[in-house]
Amino acid sequence: MAGDAMNPMAPGTPKREHGVPVGPGERGAARPPLLSLRGITKSFTGVTALSQVGLDVREGTVHALVGENGAGKSTLMKVMAGVLQPDSGTIEIHGAAVRLHGPADARRRGISLVPQELSLMPHLSVAENIYLGCLPRRAGLVNRRALLRGARQVLERLGANVSPTSLLGEHGPAVQQLVMIARGIVLGGKVYILDEPTAALTDPEIERLFAVLRELQSAGAALVYVSHRLNEITGLADEVTVLRDGHVVQHRAASGVTEDELVRAMVGRSVERFFDRPGKPQGDSQPVLTVSGLTRRGVFEDVGFTVGAGEVVGLAGLVGAGRTEVARAIFGADPVNVGEITVRGRRARVRSPRDAIAAGIVLVPEERKTQGLILNLSISDNIALPHLRSFARGPFMRTRRLRDHTKQASERLRVKARSVSTAVGTLSGGNQQKVVLARWLTRQPALYILDEPTRGIDVEVKSEIYREIGRLADQGAGVLVISSELPELLGICDRILVMRQGRLVGAVPAHAVTEHEILEMAMGTGMS
Amino acid sequence: MTTTADSGVQSGPKAGGRSDTMRRARSVFANSGMIPALVLVIGIGAMLSPVFLTAPNLANVLRISAVVGLLAIGQTLVILAGGGGIDLSVGSVTAAAGVVGALYQGYGLAGTIIAALATGAFFGLVNGLGVTTARLQPFIVTLATLTIARGVSFQLSNATPIYVSVPGLDYLATGAILGIPVPIVILGVALLVGQLVLSRTVYGRKLYAVGGNEEAAYFSGINVNRLRLSVYMISGLLAGLAGVLATARLSTADANFGTGYELAAIAAVVVGGAPLTGGRGSILGTGVGVLIIALFENLLNLLNVNPWTQLMVTGLIVIVVVALNRKGEGGPDRRIWKGLPLYAVLVAGALLLFFVL
Ligand SMILES: Nc1ncnc2c1ncn2[C@@H]1O[C@H](COP(=O)(O)OP(=O)(O)OP(=O)(O)O)[C@@H](O)[C@H]1O
Ligand SMILES: [Mg+2]
């Protein structure tokens, strides 16, 4: 595969570890490859994203691709789907070399991509977004009936309870993610490429998605799957390829692989992945945030809770339960009908994020691309954005101070980039997320609201972020975390609040509750 | 690789800031069609016309472009701030400022200047409030102001040019500082200050942020509305200043002055590398854009090309340079070559009509 082609002279080139070979008895090896990559190399100005990568995707199998943030996974997927042209190397379909002239060409050849970053039209309906580029037609006009019927079917198949005629912009990232997946499915084809499709989803949706993927698989499709949630790999994949710094470092059968083995291949060493926050004594700290009777009609109702100083509180719930909406309201990004917000004992009038920041509340929003980052500005400008004043003398920026500070902040979260002047838009998805987090790390607000803070972040940095969250709390800040990953919430939180359909339905200490119990509360099926 | 470490070590304490600015400036010009276009104009001009590269001719070009140059600086800020920002009113506001200034000539030089600047700032405020508080589209708001300001000019001047005789005013047109004509000095200072503001100040960073992603900037606690209001006011103020310069040069305030100048200013901005979608661009680029267009028109004049052909050629130049500028964003843009036949047909058709009729 790729090992022979690697440059032994390059310093820091990871050594290839030979994994368990794909045995003849495995489902994977017996089948002929549908799509093959041979010696794919791709560099961007100054960065080699892929170097001599080879990969086979076989009919009726799932090929998982794992690796740290910036390892080159998304770039490889884009090459496979004709979005990017490789610098060298060949792509073969059924053993015949082809050149993909663009995404449309790839689609014609039966390759459909669900990209990592949401790319949808917020002002079009859900149905139109699903069929974007392949609207069903009759006599030259859009066939609305076929459009709605098709959209309803695929949404139902994915278990998404969404009206196909509603505007896409009204929905959060989870629904948008499902729409992206639905689009990949209606495009049809033989090869499905999914780049972190589950990053925005909660467990029930993930289960439905997997059922659909298995259906596609047994119908003979070949799937390529990327995820940082390694527990998904073992259940779903037949083969795994591990990328590190643009090189293939391991290729093996998925059966029997442990998460630890994968992590070691990705990072090059073992990583302590789980973080258990030492239990804090309950209820003795001063509350930094008190919310009472918070209501936004039709969205959430009568939400009230407190977050104590030094306390990490988790907000759990299914997609659409109103977690993000509550966070946005506290941060002043959305209006509320009634309700009171108190920060450190002072009544806070929060009408805009600006007010919230002044009152001591900061938010890491869930959508990094639209709400978090200015993609064409540098890492350092993005980190400094809310604190420009503190890097200024009079009206002028102190460029050097800014660079030093932001360099530190980005190193702390291991943002992988050539320098802090790199435009954020050219970073990998996970590295962009790190920049959003790094922005607020040095500030000392009363309350952090973190909405899906580790979305798209690799295992190693995840544990780094868990430690940071613990440190922030130890310094006396309150932290409110929203996460779709329950193990994450259970690991880092002191207390967990559960929301269901816009209402708070439970508050439990994190050490006294199981994932299952939280899920039951969130779905309303349990005894509580 | 090692670049990160190197840049940290090499740049001494003082060099740090400068190298950053240099890099930014370089990134503005790298891959852009501006510099080739400028070199081309100067090269062709030097070959075809013996007068083109002489100091008096160049000074004349710059002096005349001072008015549009000032408008283009304001336009750059407005476009940069994003949200569909554009200021179509600047040409009319220049005329209105000139007329109001002329009406206050009884109060001397200071009175004239202050009245003109206040007029410009007032219309800027109107535009800014329309865009921010009333949430109307910038194109529509400033289009309305374009009409209103022109109407105000005619009304106040009774549609006749007002002769202006204020002691000291002509210094702004004919004076010189260290041998450099005053209008050129004013334009130069405005360009430098503008560039400094964009690249080195907190205000500049905020402008790029709001233009690049309004929502993310809002979530970072930036007062988006106040910032947008400010760019329209600056644009209005600069139009007021342009009105003063125009009055000084012509010794009259004419309600007809500046028709179409807003489009010239917008052309200079886009030739200077700023996309109309906001978030990118620089004052330096706009300066080069102003220069390219002004030199080109001057050259066509010197070559006695008739004015209608001049219009066509200038339009083509704008398209070509902007297409070349786009090269910077992801590979060569083949669209320009695909568009060329279209434009060739257009020009041929126009010439044909010209000869037949
Ligand atoms: N358009 C681009 N311009 C410059 N560099 C790029 C560009 N796209 C990707 N890169 C670089 O290529 C490398 C690989 O990026 P890629 O997005 O493939 O990573 P990834 O494995 O998908 O990471 P993640 O898990 O964070 O999504 C990164 O170093 C990234 O900065
Ligand atoms: Mg990626």
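The backbone N, Cα and C atoms fix where each Cβ goes, glycine too.
Note that TrEMBL annotation is computational and uncurated.
According to TrEMBL, the compositional bias 'Polar residues' annotation covers B:1-10.
Summarising the annotation, TrEMBL assigns region 'Disordered' to B:1-21.
The transmembrane segment annotation in TrEMBL covers B:28-49 (among others).
As annotated by TrEMBL, transmembrane segment applies to B:61-81 (among others).
Counting residues 6+ beyond its ends, the transmembrane segment (B:113-132) has Cβ neighbours under 8 Å at 83, 85, 87, 89, 93-94, 96-98, 100-101, 103-104, 107, 138, 141-142, 144-145, 149, 225-226, 228-241, 243-244, 247 in the same chain. TrEMBL lists B:113-132 (among others) with the feature transmembrane segment.
According to TrEMBL, the feature transmembrane segment maps to B:176-198 (among others). Sequence-remote contacts of a segment are chain residues at least 6 beyond its ends whose Cβ falls under 8 Å from one of its Cβ atoms, and for the transmembrane segment (B:176-198) they are 59, 62-63, 65-66, 69-70, 73, 76-77, 80, 204, 207-208, 238, 241, 245, 249, 282-284, 286-287.
The transmembrane segment annotation in TrEMBL covers B:229-248 (among others). Residues of the same chain lying 6 or more positions beyond the ends of the transmembrane segment (B:229-248) and with a Cβ under 8 Å from any Cβ of it are 66-68, 70-71, 73-75, 77-78, 80-81, 85, 87, 89-90, 93-98, 101-102, 112-113, 116-125, 127-129, 131-132, 164, 169-173, 183, 186, 190, 203, 207, 257-258.
The transmembrane segment annotation in TrEMBL covers B:260-276 (among others).
Under the heading transmembrane segment, TrEMBL lists B:308-324 (among others).
Marked as transmembrane segment by TrEMBL: B:336-356 (among others).
Residues 28, 32, 34, 37, 67-69, 71-72, 74-76, 79-80, 86-92, 94, 146, 282, 284-290, 292-293, 317-318, 321-322, 325 of the same chain, all 6+ positions outside the transmembrane segment (B:260-276), place their C-beta atoms under 8 angstroms from a C-beta of that stretch. For the transmembrane segment (B:61-81), the residues of the chain that approach it from at least six positions outside its boundaries are 87, 90-91, 94, 138, 181, 183-184, 186-187, 190-191, 194, 198, 207-208, 210-211, 227-228, 231-232, 234-239, 241-242, 245-246, 249, 258, 261-262, 264-266, 268-269, 272, 274, 276, 278-283, 286-287, 289-291, 293-295, 298, judged by C-beta separation under 8 angstroms.
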